[in-house]
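To start, the structure itself, in structure tokens.
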Amino acid sequence: MTANEFILALDQGTTSSRAIVFDRAGTVRGMGQREFRQHYPRPGWVEHDAGEIWQSQLEVAREALRNAGASAADLAALGITNQRETTLIWERATGRPLARAIVWQDRRTAAMCEKLLHDGHGRMLQERTGLVVDAYFSGTKLAWLLDHVPGARKMAERGELAFGTMDTWLVWQLTGGAVHSTDPSNASRTMLFDLHAQDWSDDILALLNIPRGILPRIAPSSARIGETLPEWLGGSIPIAGVAGDQQAATFGQACFTPGMAKNTYGTGCFMLMNVGDAPVASRHNLLSTVGWSLPAGNATHATYMVEGGVFMAGAAVQWLRDGLGIIQRSADIEALAASVADTDDVFMVPAFAGLGAPHWDPYARGTLVGMTRGTTRAHIARATLESIALQSAELLSCMNADSGIPLSELRVDGSAARNDLLMQMQADLLGVPVVRPRVPESTALGAAGLAGLAVGFWSSLDEFGAQWQAERTFEPAWPADVREARMQRWRQAVELSKGWSRPAAGHA
């Protein structure tokens, strides 16, 4: 084994920490994975223990190296990809979190977002950040932590506090507190980042009463930003690539030219389309975001995306398993759903944590409609599976309209992309081929690619992208009229779910 033969990618997700060792062909050589606990202290609240995440991430990194038969000396670089928006504050001197991290799914700041909109800040925030004002993003979560964690605001004003999303937290831990940084893909999900200036917005920080000093510096997505302490993985490894999970997956799917798009089917479901070197203002409440930034001479060059996010995709299947007991394992849903020819007009709207793009209704709730005495668990399973494809099709229609670029195919990844029935549903509802890659680990591969480019492991985007290959293509089978009728029925079901948990007047 020769030195610098591999790249290690850390993939810090919503429900588990993973690590994967890749070779130059983009082949997985070793892997590790650990789930960690989800905390639900109140309805609508979701939290993670950042210390547990760090320990689980360190364990799986060591496991991946063991499984690859590799050591730190065999690694050219380390890349990081992460669940986005999840918000943490910690003490600079000790690295001790002041509270559990507030997860992207958490809705506790919905009322704060409503006040921002009521006070007339919505348009400015959307124009500056590319985001819709929503509790999903980090900005209001950080403001909440500063106002509700005892002593946090005074510590922040004294310069004793650090804020970060999960990438920043892992870099801090890996470098022993030497590096406090993020990349533009993660920064652009905070609602604190000016897409056009490519920097934190002082106006937004003032609006939310957030001291600039607690924010990390912003480094390119592909750049050497520090080195791991030798005690963590047996040697110093350059940390050279960082991107939020959905942007990393888009990079790993080699969506390098405008009009290329991917959908990742995980806990949530996220579709991103490359729109080139300038942000696109959405007319359909989609998000405009940074895909990645690469060094270009003495400057950096950002690639922009439009994104639609579904809060509940695989999580809806988990609810069938854990909440209703309809299936014993998530993988069982495909056979159960395939045991009936259709849903018999049953629709599931999995708005358990509100609705994301293009509706953005934090008060929507999960809805199951169209049931009769003839409805079986198979119909409910099929409706749940179809809801994932329906939400994605709705988003793609908006993306096409915003970008003016028709899609010729959709590249897919994530755990649920292994479900052949779901992928065929997706092709039928989109009317374009759905393509699953040979290497399913697109998110981790994207982080590896960004790190590898920074250290010369791959010489160019073209060299990295050349390894992408299709494993299977799902061709659409439905005519346009059938497709549109199904989408229209879905829109009816979505309307029924909206506003369900909105507080009554005087009871907020």
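Glycine is treated like the rest: Cβ placed from N, Cα and C.
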The sn-glycerol 3-phosphate site in Swiss-Prot includes THR14, ARG84, GLU85, TYR136. Which of ASP245, ASP277, ASP322 is also listed there?
ASP245
CA-CA, which of the binding-site residues TYR136, ASP245, GLN246, GLN318 lies nearest ARG18 (ADP binding site)?
ASP245
Cβ-Cβ under 8 Å from ASN419 (ADP binding site), same chain, 6 or more residues apart: which ones?
TYR265, ILE333, GLU334, LEU385
Starting from GLN246 (glycerol binding site), work out which of the binding-site residues listed here (THR15, SER16, ARG84, GLU85, THR267) have their Cα within 10 Å, and give them in sequence order.
ARG84
Cβ-centroid neighbours of glycerol site ARG84, GLU85, TYR136, ASP245, GLN246, 8 Å, sequence order:
GLN83, THR86, TRP104, ARG189, GLY244, PHE270, GLY309
Just checking a number: largest C-alpha distance across THR14, ARG84, GLU85, TYR136, ASP245 for the sn-glycerol 3-phosphate site, rounded to a whole Å.
15
Where among the binding-site residues ARG18, ARG84 do you find the Cβ with the fewest other Cβ atoms within 10 Å?
ARG18
Quiz question: given the binding-site residues THR14, SER16, GLN246, THR267, GLN318, which has the greatest number of C-beta atoms lying within 10 angstroms of its own C-beta?
GLN246
